[in-house]
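Novice: Got a structure for you, questions after.
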């Protein structure tokens, strides 16, 4: 931290060393000429600003960034030591052209020198002069040289004076369209307009026919004015199919000028370079020497200092023509640095300070070419749509790296917003190798590693260029892209992960797209709360628990005369019948009645499992608050919850301390009995949950999940002996209560007698609790059999919430036991009142009621063994997907999937694994035999693969073989996705949805369809409606050329859009009359926004 503070606060170690070296230099050289630079401002943005900042930092120079109001989130302002706002209130580009404000910021903050970067003010002599007038060094040529070289006409005259061949053109900027017409008449078409005070393809237009002249003149003038602050143009004869070769030059204040060889920039579109190569491939050696000599001679003639580029066109006959001098650093300077090992920005800074090229050991005879370098400009443009700029938020960014790769970027990061205001350059990728083929190979590999999602890029196009035979083995010219249309045969990106995240995000924001088969609406009738007596509720079993502790509570349960009941109405019953959607509000209303009339219940099951999931995701409720509020209303009846062992209330294993803390907090907030189970009866997971519940001071009820049939001698995997041995381990571990969890309702009366009778004989002092579901309709009979065999507690649900996949009827159990030794002591009429409340309350949840698709239970559960809650869900899903008539096939597949997996205990989450495999089989029309035969080639659901990997424990009897060994546990690409959070609504009607994908944070923006109905947006052009004209790209409207009622011809210009400093004319797709205009000048549009409507 100390070294960082020193570097940022003063000269720093690098600067001290540099100062010492320069001090020695001053005594041996031109001391009076040397002016050390201590602080540099870059009057630019993006990657070039960062490139200069890095060079300054390496030299111990402090850095200053400037930024527009639209660039507050850009990386370049974060990379500088200081950053200041400029051009407040100005349009995005105009802010960086605000010379007075830039100079003001420089003076106020002690800036010694300003680097202009490229574009913007980099070739404006008035800016260089303003710097000089303010006593601030300009890192570039002198103002006079900038003026001469920036004026393309004067530069042309100087070239002629130096004996350098030039292209026929005007001697001065043209003043009118008439002059352009006169030039065309003299020299013929094609001609080209060029901005007189800038480059980079801005303000450049080729005209091939007289009819195109006026429109292209207007567009070139407007672009030049916007980009450079001066719309002056000159005209040249356009040379067909030339190579574009440029020579890098470097001069100092003492007349020394050297070249750093050439670059081939012929691969262009819209006169903007796409791929640059250094040195030029297969260039005639004599031509190369002439190019170098002409470039150096021209630079010497004007007294050129600092870095610059002399650009030439080379025609098919090998003749070269001077076209311009760029008196600045070029975008493609990187490839020159890679082949010469000369840091051009370092050289610029040193030359500006007054050091000579010989002082820097930069002598022509020492500059050597080493290998080849290629630069690809990765842009946010869509090649498939004519390289139209794309804008938006980068959702994913992963770059290509490795040996021989250099990346220069600024906006290339996840979350970056690409605006339409500036250049579309995203990142410059530079590859180096011993020759063109080697460098191309490295570049291709690096581009293949890139992953950019959220905006379109030209990467697929660049990959096609790099694999093109002409590019790799011959020469290319400026028509290379136009003449090789196969470059546009773009390989579509798979984008699998992001598409999946968008789908999941859409479901999270807008709900499932699968149609719900339920048309029922919630009842408008509120349930009537039965009357209750005044005063405190009677003493119940919770009072015993609070007085005697868990051990005393267990003894009281075992000593109780008659059958005890646990009521599941508050959780498992409505989970099975109403998708767990019952609100705390309706539970609270009936709670006082329960407290006063059912004080002799063993417990209320009211919390855990799906309660958490549904309360937070669908009900927008806090499950902890539910527990607290119910506890206050029912102080006398114990509460019971499900604890999935090491999974707690989730679906994956949690750290031990998290499970312990969860149980501790649950106990503090009112939970009493923790029914601990594991979906595979995996003992280590159960022991963890038991220990956590016990440490929290709760009643530990260890639950054995039941499957199979102990009364069937042909089914011996889960035999009576299996259950007894497991019960032995749980009792040894100290469970207070022993539970049989029959989640599918498989216990028949005979098997109930065998199992419970054996457990009672083995453990006479341990209370036994039996949980079941009534899917087959035999639940009451089975529970009476359990009670007769020695069970102390059985599960029920109130009558109107009982039956089918829920628990057996409370009223039926109370009535059947009445007057026997199993008498529950519960008043039957109170059960009727309780049931009437829930019968009406159930109507409030009609859209979620399982009876909409399921009219009864089914005894085939004894065959398929589907747990109650899952049976309801699968039935509902089948009807939602229009497969209600195929539910029998789903159940059959479930049976086969269970056998494939080795006959599992089936309870969440193991039941989900069997269900996932069953649905996979149905969707792919696979039989059990086919799955076994093709196990090595099928892409199984992730839950199945993770089960076979042992994620949730080891099943009884081990994993199924050879199925497990055959399944390839790592098949290519696996996406691990976890939903994390949902963001607030933004101004565009979107919500940001956060995920964890393969361990990395990802987010997507999803339109909230419900919220957008209440928001106003610009209408979109409908492609299906002829005559609707939409914006071809995001941008700003510069000019609307028609009005309502105007007659237009096909191809006639309608309006002009500007995006990323390029202008696009939107032409009429048909002849007709303008019916409506939906935009005005200065309107900001998104892609496909409706511009106007035309009637034929």
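Glycine residues also receive a Cβ, built from the backbone N, Cα and C atoms like all the rest.
TrEMBL feature annotations, pasted as is:
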type: ACT_SITE; residues: 328; note: active site
type: BINDING; residues: 152, 236, 271; note: ATP binding site
type: BINDING; residues: 572, 741, 771, 773; note: Mn(2+) binding site
type: DOMAIN; residues: 563-832; note: domain 'Pyruvate carboxyltransferase'
type: DOMAIN; residues: 1026-1095; note: domain 'Lipoyl-binding'
type: MOD_RES; residues: 741; note: N6-carboxylysine
type: MOD_RES; residues: 1061; note: N6-biotinyllysine
Novice: Which of the binding-site residues 236, 572, 771 has its Cα nearest to the Cα of residue 328 (active site)?
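Specialist: Comparing Cα positions, the closest of these binding-site residues turns out to be 236.
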Novice: Given the recorded Mn(2+) site (572, 741, 771, 773), which additional residues of the same chain have their Cβ within 8 Å of the Cβ centre, ordered by sequence?
Specialist: 568, 742, 743, 772, 795, 807, 868
Novice: Using residue 572 (Mn(2+) binding site) as the reference point, find which of the binding-site residues 152, 236, 271 has the shortest Cα-to-Cα distance to it.
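Specialist: Its closest listed neighbour, by Cα, is 271.
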Novice: Sequence gap of 6 or more, Cβ distance under 8 Å: name the residues on the same chain that satisfy this around residue 773 (Mn(2+) binding site), in order along the sequence.
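Specialist: Result: 576, 742, 743, 744, 745, 779, 805, 806, 807, 867, 868.
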Novice: Out of 152, 271, 328, 741, which of the recorded positions is least crowded by other Cβ atoms within 10 Å?
Specialist: 271
Novice: Between the binding-site residues 236, 572, whose Cβ has more other Cβ atoms within 10 Å than any of the rest?
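Specialist: Of 236, 572, the one with the most crowded Cβ is 572.
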Novice: Of all the Cα pairs drawn from 152, 236, 271, the residues the record ties to ATP, which distance is largest, in Å?
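Specialist: Among the residues the record ties to ATP, max Cα distance equals 16 Å.
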Novice: If you measure from the Cα of residue 771 (Mn(2+) binding site), which of the binding-site residues 152, 236, 271 is the nearest?
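Specialist: Among 152, 236, 271, 271.
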Novice: Summarise the model confidence on the domain 'Pyruvate carboxyltransferase' (563-832) as a single mean pLDDT, whole number.
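Specialist: The predicted confidence over the domain 'Pyruvate carboxyltransferase' (563-832), as a mean pLDDT, is 93.
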Novice: Could you give me the DSSP helix, strand and coil counts for the domain 'Lipoyl-binding' (1026-1095)?
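Specialist: Taking the domain 'Lipoyl-binding' (1026-1095) as a whole: 0 helix, 39 strand, 31 coil.
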Novice: Within 8 Å of the Cβ centroid of the ATP site residues 152, 236, 271, which other residues of the same chain have their Cβ?
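Specialist: In sequence order, the nearby non-listed residues are 169, 192, 193, 194, 195, 204, 234, 323, 324.
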Novice: Would you count the other C-beta atoms found within 10 angstroms of the C-beta of residue 771 (Mn(2+) binding site) for me?
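Specialist: Its Cβ shell of radius 10 Å holds 28 other Cβ atoms.
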